[in-house]
Structures are given as structure tokens and as C-alpha cells.
Amino acid sequence: MNFDQKGLKKRSITVAYFFEHIQKRFDIKFRRLNELDEQKCRIHERDLHRPGLAIAGFTKLFTYKRVQILGNTETRYLNHLSDEERKTAFANFVSFRMPCIILTSNNKLDQELVDMATGAGIPVFITRCSSTKTIYYITDFLDEEFSLYQQYHGSMIDVYGVGVLLTGKSGLGKSEVALDLIERGHGLVADDVVVVKRKGETKTLVASRNNIIDHFMEIRGLGVVDVRQNFGIRAIRDRKEVQVVVELLEWSKESEYERLGLDQKMVKLLGVDLPLVQLPIFPGKNITAIIEVVALNFLLKHYAGYVPAEALTERIRNVINKERAKAPAPSTSFEEYNDEND
């Protein structure tokens, strides 16, 4: 598997996509105040803007390409102005080509001002949520939409709560191993095509499935398996953080494989370092059980700081030190030295 693939990133999303999907993903509802072709309005930035200064007339540093949030402060400022001042201030505000305007806390906007936004081709939405809650949800949504992402060939499994990305050359049996893990009670996130996203500037990688393939698996010799229908809702996961990468390798006598586990290999995915476990495949090897142990070892190290290889090494070192302490010290007296040289 090529781990060096560069991450991809969306350049923009439509306001129509934003309006539809954010309400599905979060506990927030929006209502349209005007009717426009939202497919033509696009959001290019993940950051939001509170345009208080811009409404007041200072537009020198106005980041108008962002989603504009009008909360209590902005709407009350507009309401305290006279009719002519309000029209002038809002006309100046909507003269900039912004993606959309969102009113929070059910704040009202005069219909005349809404019509001005409609004339400028700017969608206006309203929500009952507070500005703080609205900004939190929208930022989280846009953060994910504009995150780095890449598609990897493999399987993503939730094993004992640990996100394991199973990779390797085609034909080595990744799907069969994943199916065996599902039968043992673990959860399938994705098979064949795994979509991995790096959330914002964090070191967190989140894996999800391809929406077309969904939770179907292709098993050679058997055909297509619907994991959800065959094993029930417990056998699938919507998304999972990638915590360990397991690479299946063809067995080779010439190759040297890790035997103790003291040297932890790492692999970089989308700029994030992850532990890599390479497992050679040969007849009679129970890969499923080994992957379960890989997950348990990760939990031991993550929560208890315990590494079996280091514990065994320390035990051997202690035994050697005890044996050395029991052995009689060699004599180095001056008389014995002279006797030996007479």
C-alpha cells in the first residue's frame, strides 16, 4: 500500500449542501427567509465571521467570503438605527459577495432588509440556537468538510474500541480477515475503500466508508456480503478514529520480521504518525487473533504505559544482574598477584 499519497481537500461546498447536511449531522435546525438558487452560492472558507464592524461601516478588513453570523449584538445595533441609517448600513453590508447570512437566537430582520439580501443573491437563514452553539456546530461541520482526506485500499475495523486500518496487497485476504473479526463481535467501518480524514489542524484521523459501497463486502469465491443484514446493527460503525495500521505481507524467507516488538515502526498518513504492525501471511497463521492482540497491546500501552517487550527485557536484565551479584568476585590482592608471577 502506498502510504505516501498526498491529502486532498475540497475547494468549496454549495450553500444547498451546507443547509441539507449540517441539519442531519447536528442538533440544529435552520429556516430559510428567502428563496434563492443555493447551488450557485458557494462556501470557500471554514472560518466564520461576526460582521459587527462591517455593519457599522468599517469594511477595510471585512472577511466577506466567510459565512456571516448575525447574533444579538448585530441585530440590536441595526434596530437602534433610524430607518434610513439601517437601510444604508445593510445595503453597504450586502454589497459584498458573501456566501450566506445566518441569524441566531431567532433574531428578526426587517423584511425590507431580507429583500435587499435577496436582491444581492445572498441566502438568509434563521435558527433558534444561540450564537455560541451555532458557531460551534458550523465550525465543526466546515472543519470536517474542508479537512484533508484520502482514500485507501483496505478494511477499517473497530477492534475492542481500537480503530485498526487493515492494509496490504490485493489478494492477501484483507476482507476475509475483516469478516472473521466481525464474526467475533467486532465492528466494520469500511471495506475495500476507506475514506480517511484529518480533522482540522489536529492529529486525529477519522475513517469512514464510501457511501456507494456502504457496509457491503466482496469475498472471493462467495460474492457480495451485506454485513448489516447478516450480522445486525452491532456489526457496523459509522466512523472511527484510525489508531493502528496493520499491513499484511507475503511471507518471504529472505525478509526479517519483528520478533520482540521493541522497535515500534511508524507510518505517516496525512501528516500524522501512526504505529505500524507488519504481519507476514503463511498457512496456519491466525491473523484474526493476532490483530485482536495488537488492539489489546495498544490499549495496554495507551492507558497503562505497559509494553510487553519492554517488561520481558527488564525481567531478563534483572535476572542477569542477580546472577552477577551471586558470582564470587575475582581476587585482586597484591600477594596473590605476586604468587601467580613467581
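Cβ from N, Cα, C; glycine included.
A quick note: this is a predicted structure, and the numbers were derived from the prediction, not measured.
Swiss-Prot annotations:
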type	residues	note
ACT_SITE	HIS153	active site
BINDING	GLY168, LYS169, SER170, GLY171, LEU172, GLY173, LYS174, SER175	ATP binding site
ACT_SITE	LYS174	active site
BINDING	SER175, GLU218	Mg(2+) binding site
ACT_SITE	ASP192	active site, proton acceptor
ACT_SITE	ARG259	active site
REGION	280-285	region 'Important for the catalytic mechanism of dephosphorylation'
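Mapped onto this structure are the features recorded in Swiss-Prot.
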residue: HIS153; record: active site; DSSP (3 states): strand
residue: GLY168; record: ATP binding site; DSSP (3 states): strand
residue: GLY173; record: ATP binding site; DSSP (3 states): coil
residue: ASP192; record: active site, proton acceptor; DSSP (3 states): strand
residue: GLU218; record: Mg(2+) binding site; DSSP (3 states): strand
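LYS174 (ATP binding site) sits 9 Å from ASP192 (active site, proton acceptor), taking the CA atoms of both as reference points. The recorded positions listed here (HIS153, ASP192, GLU218) include HIS153 as those with a Cα within 10 A of the Cα of LYS169 (ATP binding site). Ranking the binding-site residues SER170, SER175 by how many Cβ atoms sit within 10 Å of each one's Cβ puts SER175 at the top. Listed in sequence order, the residues LEU248 complete the 8 Å Cβ shell around the ATP site centroid, once GLY168, LYS169, SER170, GLY171, LEU172, GLY173, LYS174, SER175 themselves are left out. In this structure, the C-alpha atom of GLU218 (Mg(2+) binding site) lies 7 angstrom from that of SER175 (ATP binding site). Listed in sequence order, the recorded positions from HIS153, GLY168, GLY171, LEU172, GLY173, SER175 having a Cα within 10 Å of the Cα of the residue listed as 'active site, proton acceptor' are HIS153, SER175.
Neighbours of GLU218 (Mg(2+) binding site), defined as other CB atoms within 10 A of its CB across all chains, total 12.
Here the C-alpha separation of LEU172 (ATP binding site) and HIS153 (active site) works out to 12 Å.
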